[in-house]
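Visitor: For reference, the structure I am asking about is given below.
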């Protein structure tokens, strides 16, 4: 089966706690509900691509434990190729605290994700993959090798620098699409990025360091895109039923990947990604809330 998208990235098992607020230091605080599900930025982005009908190959590392078994099972249920996922150590974990307004904060345990090694990255991964998606929840030297080999094979490279880390200009110059949120943009530029105006300034600076496009997502404030073909602010899709924003950014990236593979104009891809991520925030959990094309077409805001 031909690969549409190669995703190299993290696989975490997520534990989500629904609560009215964050506890104070030293306070014991009662949560309202608990959810357990597969996650990790790499896994999430792969699942959203697959839910939209793309053929996805996943490269990553899970633990030799029950969490690892569940992570692989979830990917396989979404028809994602898992032959290149290795198992060692303990699985990565994510502890996510979801507040009443749908916002969240999370703590990540790297676990097996940091057992992924440059020796695990094979040249044949890139031979039939037109698009490579990766993030920063795996070792830095692995990200660098993936970018190098993908560029050598003339793949389209979409880098989600999350969580944010310093990236040398030499590596950024090989990236086609850089996708970051306002927090990650603030880290990369050294000043606060909060508004669309801030994001335009940040994206304009970063655009000179990448091959094609910089996309800065701003949650309910939408997203800002600067590329050779688009220089615009895209409003977020209005959604009155936000219950959990966990994974919304990953859903956005998976949908953007779909637009790239389908050769949609960038502006159309951004609008589509906004619609998909808006759908995802109306249910609890990351992957469990990601829509298929069929479900999306029943979404009132779908155009």
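A Cβ is built for glycine as well, from the same backbone N, Cα and C atoms used for every other residue.
Straight out of TrEMBL:
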ACT_SITE  250  active site, proton acceptor
BINDING   12, 13, 14, 40, 41, 42, 43, 44, 137, 250  substrate binding site
BINDING   181, 217, 218, 219, 220, 221, 222, 249, 250  ATP binding site
BINDING   244, 246, 280, 283, 285, 289  K(+) binding site
DOMAIN    3-292  domain 'Carbohydrate kinase PfkB'
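Help me picture these features in the structure, burial and contacts included.
Guide: Annotation for residue 250 (active site, proton acceptor): spatial neighbours 41, 44, 45, 48, 286, criterion Cβ-Cβ under 8 Å with sequence separation of six or more. Residue 250 (active site, proton acceptor) falls within a helix when secondary structure is assigned with DSSP.
Within 10 Å of the C-beta atom of residue 14 (substrate binding site) sit 25 other C-beta atoms, taking all shown protein chains into account.
For residue 218 (ATP binding site), the same-chain residues lying six or more positions away in sequence with a CB closer than 8 A to its CB are 181, 182, 195, 196, 199, 224, 236.
Using a 10 Å radius centred on the Cβ of residue 246 (K(+) binding site) and all shown protein chains, the other Cβ atoms total 30.
Averaged over the domain 'Carbohydrate kinase PfkB' (3-292), the predicted model reaches a pLDDT of 95.
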Visitor: Rounded to the nearest Å, what's the C-alpha distance separating residue 283 (K(+) binding site) and residue 43 (substrate binding site)? Just drop the number here, would you?
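Guide: One finds 18 Å between the Cα atoms of these residues.
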Visitor: Just the number: how many Å between the Cα atoms of residue 12 (substrate binding site) and residue 246 (K(+) binding site)?
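Guide: Here the two Cα atoms lie 13 Å apart.
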Visitor: Can you tell me which of the binding-site residues 220, 246, 280, 289 is spatially closest to residue 137 (substrate binding site)? Compare CA atoms only.
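Guide: That would be 246, the closest of 220, 246, 280, 289 to residue 137 (substrate binding site).
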Visitor: What is the set of residues, excluding 12, 13, 14, 40, 41, 42, 43, 44, 137, 250, whose C-beta falls within 8 angstroms of the centroid of the C-beta atoms at the substrate site?
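Guide: Checked against the 8 Å cutoff, the neighbours are 9, 10, 11, 38, 39, 92, 94, 286.
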